[in-house]
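What follows is a single structure, written as structure tokens, with notes after it.
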Amino acid sequence: MRTPITTHSLLLLLLLQQLLQPVQLQEVDTDFDSPDDEMEELEEYLEEFQSTGPTRPPTKENVERRVIIEPGMPLYDRDYCNEEIKRKNVYHKYRCVTEHYFLLMQYDELQKICYNRFVPCKNGVRKCNRSKGLVEGVYCNLTEAFEIPRCKYKSFYRRGYVLITCAWQNEIHKLIPHTINDLVEPPKHRSFLNEDGVFVIPP
């Protein structure tokens, strides 16, 4: 009578092993996935890429990834924009962006500009915030609009005052950079400050 019980026990153990095996494999696979931040970045990119609604509000991570650059590739390199825009996935849905700025500075320094005084800026935007000091960066201007990622840009090295717009982020209760409006090189013989101490862009 003991033999059937032993046989059934072995069969049950084998069945349990088969049932548990996929769960174990799934757990092992998860350990080899990309880091959480990379997966989140991919999900954000795909959501923005496929979205038909308005552009999502900026986040610190988004600005850091798309705007802030580290020392490395020479800023004077004529292919700088072509390489960096492709590497950082700087696109607007299915289209190439018409212009973009890369800034050689820390994000915290950029965020502090949001609390500087308002100044006029380009493209009809009334209020921008200006950096107090000069910043190095690269201005990218679209020259040939192919299907992404084959966008072609002309790169311009600049060292000037950063003009940005900012937006309030409820999650962190802070102003954060929204768009880089311009990187204005100072004129050689004229000041950007008028008699009242207001920053103005000369014609």
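Cβ coordinates are placed from backbone N, Cα and C, and glycine is handled just like the others.
Per Swiss-Prot, the disulphide partner of Cys166 among Cys81, Cys96, Cys114 is Cys114.
Proximity to Cys114 (disulfide bond), defined by a C-alpha to C-alpha distance within 10 angstroms, is shown by the following disulfide-bonded residues from Cys96, Cys128, Cys151: Cys128. Nearest in space to Cys96 (disulfide bond), taking C-alpha to C-alpha distance over the recorded positions Cys121, Asn129, Asn141, Cys166, is Asn141.
Looking only at the recorded positions Cys128, Asn129, Cys151, Cys166, the one with its C-alpha closest to Asn141 (N-linked glycosylation site) is Cys151. Using Asn129 (N-linked glycosylation site) as the reference Cα, a 10 A cut-off selects Cys121, Cys166 from the disulfide-bonded residues Cys121, Cys151, Cys166. Of Cys121, Cys128, Cys151, all annotated as disulfide-bonded residues, the residue with the shortest Cα distance to Cys166 (disulfide bond) is Cys128.
A straight line from the CA of Cys151 (disulfide bond) to the CA of Cys121 (disulfide bond) spans 27 Å.
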